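Data first, discussion second: the structure below is written as structure tokens.
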Amino acid sequence: MVSHASSGRPSSRDTGMVYLGLGMQDAYSSEVQEVAAFYHVDLDRGLSDRDVQQARIKYGRNQMEAEQSTPLWKLILKQFDDLLVKILLGAAIVDFIIAISEGESIQSGLIEPMVILLILVANATVGVVTERNAEKAIEQLKSYEADDATVLRNGQLQLIPSADIVPGDIVELAVGNKVPADTRVSHIYTTSLKIDQSLLTGESQAVEKHTEVVHNEQAVYQDKLNMLFSGTLVVAGRARGIVVGTGSNTAIGKIRDAMGVEEDVVTPLKAKLDEFGALLSKVIAGICVLVWVVNINRFNDPALGGWFQGAIHYFKIAVALAVAAIPEGLPAVVTTCLALGTRKMARHNAIVRTLPSVETLGCTTVICSDKTGTLTTNQMSVIKVAAVQSSSSQLAEFDVTGTTFSPEGMVLGPGGVVLRQPADTPCLAHAAQCAALCNDSQVFVAQKTGTLQRIGESTEIALRVFAEKIGLPSSIRPDRPISRSQFGTNNFWQEDVERLALLEFSRDRKMMSVLVKGSDRQHNIWSKGAPEFVLRKCSHVLANNGEGAVPLTDNMRQAILSDMQAFGSRQALRCLALAFKSVPTTTTKLDYSDESGLTFIGLLGMHDPPRPECRSALSTCHNAGIKVIMVTGDNKGTAEAVARQVGALSPSTALAGSDDEDNLGISYTGREFEEMGALGQAAATRNLVVLSRVEPMHKLRLVELLKAQGHVVAMTGDGVNDAPALLRADIGIAMGSGTAVAKHAADMVLGDDNFATIVFAVAEGRVIFNNTKQFIRYMISSNIGEVVAIFLAALLGLPEVLTPVQLLWVNLVTDGLPATALGFNRADKDMMARGPRRVDDPIVNGWLFLRYLIIGMYVGIVTVYGFIWWYISFPEGGNMTWSQLTHFQACASQPGGAKDCEVFHSKHPTTISMSVLVVVEMFNALNNLSEDSSLLRIPPWDNKWLVGAIATSMALHFGILYTGASAMFGVTGLSFAEWTMVIKLSAPVILVDEIMKAWSRRRQRHPASSRGGPVSLMEIQVPLTSSSRDEAALKLK
């Protein structure tokens, strides 16, 4: 039957339709003639050239507006918009100016500033590259815009660029065409029109369209069965329609706009580092000012050349303090450790696109997971067959294993017995032949790649896979071997017959039939369709016990329909009935009247199977305190059934609408959720497990609500429809088989589409964060030691103990390698048995900060002590008194004059200080193998990377001492006696930390554990966004 609307030029009466300057917004709820009248278009002739010009002026071109990318110079400047970076920049500039003012050469004065600038440029480069990659998400949407389209203009069909389409155009679409713009269906020229709109709605099945009005003012995309959406694909049928939305005023355009307005989300670690940076900058400023002020009375020291020169001298010390206090290597170490973590995750098919998302995974409290292709395989499979066993109305059920499009699986008979030759069973043999012949899909193995290629609807592909699992009866001896992997059974049946006629699937008949002529010249009709409709056309049933075709009785009919209902209610299976009949050889055409007197073959139960790993993955999430919410475009019953199969819902769980009030609110449709209003929505998320029939905006709203309640939200998805929610979530997770848009909008891509991979990624995220805390603490304590050394030297009036360039070398190179290696500390065994950490958990709490302050003070004191020891106590050193050392500026006026001043130019004391600083920090790195466990329990070789990093750092340190680089850093080689003192001063740091670890273990009567996820909804105020229906703040009591 052809579905159409009456043609002719509509009157230009006032249609009363809604007009928002963007075209007709309610075309789905309007008659075709009303839509045509709105756009003043003749359904038989289309728009005229003049109409097209006017429409283009009014609506613009059918293109998404290009986003203005951020200029490169702005991206570069953005990387320097950080408080610590600004302090370092200021220190570099001031250091250069002072060096030049004191008569140093430009080359000499540039060394320290250039080192600082190179560090900052390296970090900025990484930031710019990362942000440039993020902009690709918007551009990827263009791949879903059709290139060309067939339109009716001036009474003639024309092929034009899709960008030239305007609202009001009549477009013609056929199988394989991509819909160029949002279109109201006006004519369907085939018995059915099916659209694959999974990229927009997430529906796993192609959707059948029609021309009738949809009487539903709140219809979501899935309900608008008379609308074709831009970017979706025609998989069956031919039709015409009126374009009602172009460019950004399409469903996909609105998704793109939602992506475009997303703001950068600060991850928990980034927020903590920002807070730490702000605090550190204040501390640095205070210390620098304090050092400068404390030494004001020394500005007039004659040895410094006057008050102004004295002020400059102590200002240089303040600059050195700033350099010492800032952990310059921290950004690089954090980036390196996260990058190394991503490499490990990539080996397990979790491909991370943005480094901060690694850390965010560790504190995820909610995963909003798409069903199709994420929790399920997105590969329909026949898993049940029901047939009439005998004329006594007894039914026999068969199970079919295998849950993918790969033709591997077994057939189990009643009682679970494996059938070695399934096709020798009459009903299965006929079912396989019907599945192969009454089928328009194609499945084949590509010769070049060896991969399975498929064309057509997933239901029909599942039938081909089913036929392959059944195989051929043993009575048939094919001319050549049948290869299951090459779909040999399907090929045999197709080559054995000639298709003579086809009755396509239609909405009113709900079945499809083909007429074929076999090699034996026998003509047969093979039919498939909805069981209740096929049964009406049947007069006989194929008995499975060898009786052949027996009359279909009322008892048989009732038994078949009862089995169908059981399939649907128990496992939410989609049921399909198969039938056939032989016709005279003179029959060469098919008519609807031929679909009668059929012989019923059997029922097939099929579904989109859950991934086998999902149940255990969801169990792990539960143990780890992570809530999983299924969010899908499929219907409510199917979604709930899958939720039960993967363990998200228990089989006994009562759902919305039941009498059990304690279990209400577990499952909602998108419309039910939307109609609740802000108060109801926020309350519903507490127990929500399944949200079905959703649109993109529902996903966004869900993410907003969860984030407002303090949750750290991960959203998984694979379609264009998921992209805005992926961007809005704290971490977006796309499937590897998903669309390019989803992948570029996501923070992480699952290469194997395996939900279990998410669990591994979450665990790895927790490990990485714990290790990140360890090396951050290590670097903080090291920097505290450097600050203490500079501050103490300034207070005591000592010569320059460490120069800024030496401090930079220690911070970046010798400290950086062990800090990075700490990222490889082993995970705690109960990592996934604890709840997620709270976002506001500090990296360093009060007690830990006190511990590292003590360590830092020890580091600073022994660094200065080594310096003093060389001048006063070392026989081969300065051999001077304390007074001479602290009044080094007056050496020229002392006995010996210039000769005595030469000792203050020796490189040995500063080299000893630098070496003590390096070695003590290597020992301190060992302290950070664990927060509280002793080195006696966790030996250094437990982290071989750390041992290697310490060895490398020491080798680099020896390198600058005993090579030509010593001049650049102002150091020199040390004697055995000097190295002995360095070790004596450095090693006790382990004893100091062991004492504090023991005290820490004593004060913790129970092992430290996570405080779990977010606070209860009953305890918080929930701020609402502008998208909420209620504008007031919400407080649940």
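Indices start at 1 and increase along the chain as displayed.
Just so it is clear, glycine is given a Cβ too, placed from its N, Cα and C backbone atoms.
The transmembrane segment feature in Swiss-Prot is assigned to 83-103 (among others).
The transmembrane segment annotation in Swiss-Prot covers 109-129 (among others) and is backed by sequence analysis.
Among the features that Swiss-Prot reports, transmembrane segment is placed at 276-296 (among others), with the record citing sequence analysis.
For 317-337 (among others), the entry in Swiss-Prot reads transmembrane segment, with the evidence type sequence analysis.
Residues or ranges marked as active site, 4-aspartylphosphate intermediate by Swiss-Prot on the basis of a curator's inference: D370. A sphere of 10 angstroms centred on the C-beta of D370 (active site, 4-aspartylphosphate intermediate) encloses 30 other C-beta atoms.
Through the fold, the transmembrane segment (398-418) approaches residues 377, 379, 381-387, 425, 428, 443, 452, 454, 461-462, 465-466, 468-470, 484-485, 487, 609, 612 of its own chain, all at least 6 residues removed from its boundaries and within a Cβ separation under 8 Å. Residues or ranges marked as transmembrane segment in Swiss-Prot (evidence: sequence analysis): 398-418 (among others).
Residues or ranges marked as transmembrane segment in Swiss-Prot: 731-751 (among others).
The transmembrane segment annotation in Swiss-Prot covers 790-810 (among others).
Positions annotated as transmembrane segment by Swiss-Prot: 852-872 (among others). Counting same-chain residues at least six beyond the ends of the transmembrane segment (852-872), those with a Cβ under 8 angstroms from any Cβ of the stretch are 777, 780-789, 791-793, 796, 798, 801-802, 844, 878-882, 885, 903, 908-910, 912-913, 915-917, 920-921, 924, 927, 978, 981-982, 985-986, 988-989, 992-993, 996.
The feature transmembrane segment is assigned by Swiss-Prot to 945-965 (among others), with sequence analysis given as support.
Sequence-remote contacts of a segment are chain residues at least 6 beyond its ends whose Cβ falls under 8 Å from one of its Cβ atoms, and for the transmembrane segment (971-991) they are 806, 855, 858-859, 862, 865-866, 869-870, 874, 876, 907-908, 910-912, 914-916, 919-920, 922-924, 926-927, 935, 960-962. Residues or ranges marked as transmembrane segment by Swiss-Prot on the basis of sequence analysis: 971-991 (among others).
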